Amino acid sequence: MRLRRIKTLIVDDSLLFRETLARGISRDPAIEVVATAVDAFMARDMIIKYKPDVMTLDVEMPRMSGIEFLRRLMPQYPLPVVMISALSESVFDALNAGAIDFVAKPDMNRNRDLDSFFSELILKIKIASVARLGRRAEVSKLLPTGKSQADQGWVIAIGASTGGPEAIYQIVKNFNQDTPGTVIVQHMPAGFTRMYAERLNDTCVVEVKEAQNNDQVKMGQVLIAPGEYQMRLKQKAGNYMVECHPGEKVNGHCPAVDVLFDSVAQSAGARAVGIILTGMGSDGARGLLAMRKAGARTIGQDEASCVVYGMPKVAYELGAVEKQYPLNYIGQALYKLINQL
């Protein structure tokens, strides 16, 4: 029996790039490019005519930007969208407007960059085709813990992939200065992790920064693993630090959640809370199991609230997750755990 192909609409104002995209993703037999469009208005007509399963969308376009198009489209016609973006903070506006994920634009003059780009884009189109679209629930606030020095010996570790930037924001935005030091791996390319950290820092009470080698893990601070670097937690002179080094991909990712979680299990043991959020694949499941075996408390995002119920599902089936919660309850569950520490 032949499986149904993923009907894909390409939206980009460059004729050359549209044609290159169409050729590149059509090489995968699971994907069918049903139409291309030069701008948002043509895209609207193509959506009505072809009813695509997934749309790729440029951020910068004439007449109407990709972000504005998303804001108008999603309430009326929810559709899985993968953004194609140059290195720009606007990609996070697109994710906030409802895009599932993004891919960084390649150097068109380098075949190696193009091959890597198409492999990533094809994978993300496939992930988007099974992603769950829906309205975001309001997240309960993480209240002050009333703790001080005791929390300095504790660490919160979070891992996420597809759908993660928004999920992480919904949790971290309610952190306060009494929240234990937090380390996060979000699958994201180099450059974008710095902009994501800066964006969170501008909108959250706690300090959020892209981690650098030998940064200390502090209360009321969040460290985001830099793209193309593996981040590990280490204990030195009674303090937690992070080591960030370029490394090989693990589970297809650098940074990888498993690398972080394994190091948290080794360095923090029972003095940690691990949280695995939305994302495709299995990254983080094995590391979260190591954390739980070391005595850490572990939380998984539930299926109903995930954009893609992959990583949390594998972790849950592996026995790594102590309890699953909807995204809008994870903050409250974390608050309760912190007060039990």
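Placed from the backbone N, Cα and C atoms, the Cβ positions cover glycine too.
Here the structure is a predicted model, which means the values were calculated and not measured.
For the domain 'Response regulatory' (7-120), the mean pLDDT of the prediction comes to 92. The domain 'Response regulatory' feature in Swiss-Prot is assigned to 7-120.
Per Swiss-Prot, 4-aspartylphosphate is recorded for Asp58, and the stated evidence type is sequence analysis. In the structure as shown, the Cβ atom of Asp58 (4-aspartylphosphate) sits within 10 Å of 24 other Cβ atoms. When secondary structure is read from DSSP and collapsed to three states, Asp58 (4-aspartylphosphate) falls in the strand class.
Under the heading domain 'CheB-type methylesterase', Swiss-Prot lists 155-341.
In the three-state DSSP scheme, Ser161 (active site) is classed as coil. According to Swiss-Prot, the active site annotation covers Ser161 (among others), on the basis of sequence analysis.
Proximity of His187 (active site) to non-local residues of its own chain (separation of 6 or more, Cβ distance below 8 Å) is seen for Ala160, Ser161, Thr162, Gly164, His253, Pro255, Val257, Gly279, Asp283, given in sequence order. The feature active site is assigned by Swiss-Prot to His187 (among others), with sequence analysis given as support.
The active site feature in Swiss-Prot is assigned to Asp283 (among others); the stated evidence is sequence analysis. A coil conformation is recorded for Asp283 (active site) in the three-state DSSP classification, outside any helix or strand.
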Counting every protein chain present, what is the number of Cβ atoms, excluding its own, within 10 Å of the Cβ of Ser161 (active site)?
28
Could you put numbers on the helix, strand and coil content of the domain 'Response regulatory' (7-120), residue by residue per DSSP?
52 helix, 26 strand, 36 coil
